[in-house]
Amino acid sequence: MLEEKMNVTEIGQLVMNDSDASSGGTAQNSTVRELLYCGQGLDDFHTSYSNIHGIVCLLVCIFGSIANTLNIVVLTRREMRSPTNAILTGLAIADLLVMLDYMPYAIYMSPYMQFSREERLTYSWSWYVMFHSIFAQICHTISIWLTVTLAVWRYIAVAYPQKNRIWCGMANTLLAITSSYIVCPMVGIPLYLSFSIKPHVEQLGSDGNPYKLTTNGSARNITLYRTSPSELAENNPALLNVNFWIYSVVIKLIPCIALTILSLRLIAALLEAKRRRKQLTGNSKGMKQIVDGRVVDVQQKKSSKNMDKEKQTDRTTRMLLAVLLLFLITEFPQGILGLLSALLGKDFFYNCYLKLGDLMDVLALINSAINFILYCSMSRQFRNTFNYLFRPKFLDKWLPVPQNDDETPGGRRNQEGATTQITQV
């Protein structure tokens, strides 16, 4: 497919052929292909995992839909408004759309749903498969580039703090988010042109499955529908290769490389800032100050504030590493496999790429669903606002009163209307 985060299997199958065609038309050559690349072990894994893939994806989608909805509710609170949180909100919306779109497909893929061939290859389902492949890919592409935008914004905030308000203000942030939602669908234009719904007639038995003389009763000629390469793609084979190159390079590898470089530089900048703070703390050691007629150490007075800053920096660093690791685990392999499929052709695609498709789908779904856990575990402001919104009111009488006069239970500060953001550096 121009696959998406989650549509690895299905669009990929469409690019080489549709899923039913590939399972039948390519079976005769599977033995030869296994000898060329990934071997029987990967095929056995694919067969075993495919039995539970539908239910696993459905559970992840349900959790991810709830989690991303909570992300949107919390991040759009007035006290949480900031450029960083605006990007995270755009990311949560894109991920939520992917989850909602993928759920019908996950239900359909569940082993408990015993659909016949006649029920599976209807005109309406073929349209859904094509829409699902394209729509989910667009939404996932948006989330990828918003992740890159977030890394750029974070790096500027740390490396060029004096330029942060100018370059990364709310106006520029909203422009970047809007651009992602407009430009990414345009990147998928070659995909829109590559596929169409095509009818074909098959002989089916009374149970809706391929007719067998001894078991299926009388034969029926039934018109079935499949998503297949369009006439334009058949007459221009290069169009399918363009899809693979766009998917593997523009949508996957370039963002992965950019995010890796930006994140490493950001982490280096954070560590440098921490080193400078330690150096300044060391220089102030031994300095005395008179407070209320008493001589006290400056170091003692500042230790609490410095400790809070260091803890916040550590949380931000861990969050960056977690986001980076999850992104690379899901996106880099897909981009590399897509690139190898374009370079090595159908043998590699059928023997390796498709057999890893379900695994890449579920990893990408998990990546879209898990941000809520990261925010809760690594952002005090997010936790405070979430508790303020969803904590039952009767619990307030048993909870301790906030120690800081300027901080409300929602994590907001009342000093000059300062806003709170999920990752403060």
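Backbone N, Cα and C define each Cβ position, glycine as well.
Among the features that TrEMBL reports, compositional bias 'Polar residues' is placed at 416-425.
Here TrEMBL flags 67-375 as domain 'G-protein coupled receptors family 1 profile'.
TrEMBL lists 402-425 with the feature region 'Disordered'.
Under the heading transmembrane segment, TrEMBL lists 52-74 (among others). If one looks beyond the transmembrane segment (52-74) by at least 6 residues along the same chain, the residues whose Cβ comes under 8 Å of a Cβ in the stretch are 6, 80, 88-89, 92-93, 95-96, 99-100, 102-103, 105-113, 358, 361-362, 365-366, 368-373, 375, 382, 385-386, 389-390.
What TrEMBL records for 86-107 (among others) is transmembrane segment. Residues 4-6, 10, 54-55, 57-58, 61-62, 64-65, 68-69, 71-72, 75-76, 113, 128-129, 132, 135-136, 139-140, 142-143, 146-147, 149-150, 153, 170, 173-174, 176-177, 180-181, 365, 368-369, 371, 375, 422 of the same chain sit 6 or more residues outside the transmembrane segment (86-107) yet have a Cβ under 8 Å from a Cβ within it.
Within the chain, the transmembrane segment (127-153) has long-range Cβ neighbours (under 8 A, six or more residues past its boundaries) at 1-7, 10-11, 14, 83-84, 87-88, 90-91, 94-95, 97-98, 101-102, 104-105, 168, 173, 176-177, 180-181, 184-185, 187-188, 191-192, 195, 197, 227, 247, 251-252, 255, 258-259, 262-263, 266, 323, 327, 331, 364, 368. Annotation source TrEMBL lists transmembrane segment at 127-153 (among others).
Within its own chain, the transmembrane segment (174-195) has Cβ neighbours under 8 Å at 1-2, 11, 14-15, 86-87, 90, 130, 133-134, 137-138, 141-142, 145-146, 149, 227-230, 232-233, 239-240, 242-243, 246, 250-251, counting only residues six or more beyond its boundaries. Taken from TrEMBL, the feature transmembrane segment applies to 174-195 (among others).
Listed as Cβ neighbours of the transmembrane segment (244-268) (distance under 8 Å, sequence separation of 6 or more from its ends, same chain) are residues 1-3, 15, 137, 141, 144-145, 147-148, 151-152, 154-155, 158-159, 187, 190-191, 317, 320-321, 323-324, 327-328, 331-332, 334-339, 341-342. If you look up TrEMBL, you'll see 244-268 (among others) marked as transmembrane segment.
Below 8 angstroms of C-beta separation, residues 3, 5, 8, 12, 37, 144, 147, 154, 241, 244-245, 247-249, 251-253, 255-256, 259-260, 263, 266-267, 270, 352-353, 356, 360, 363-364, 366-367, 370-371, 374, 378-379, 423 of the same chain, each at least six residues beyond the ends of the transmembrane segment (319-344), sit close to that stretch. What TrEMBL lists as transmembrane segment is 319-344 (among others).
Annotated transmembrane segment per TrEMBL: 356-376 (among others), in sequence order.
In the predicted model, the domain 'G-protein coupled receptors family 1 profile' (67-375) shows an average pLDDT of 81.
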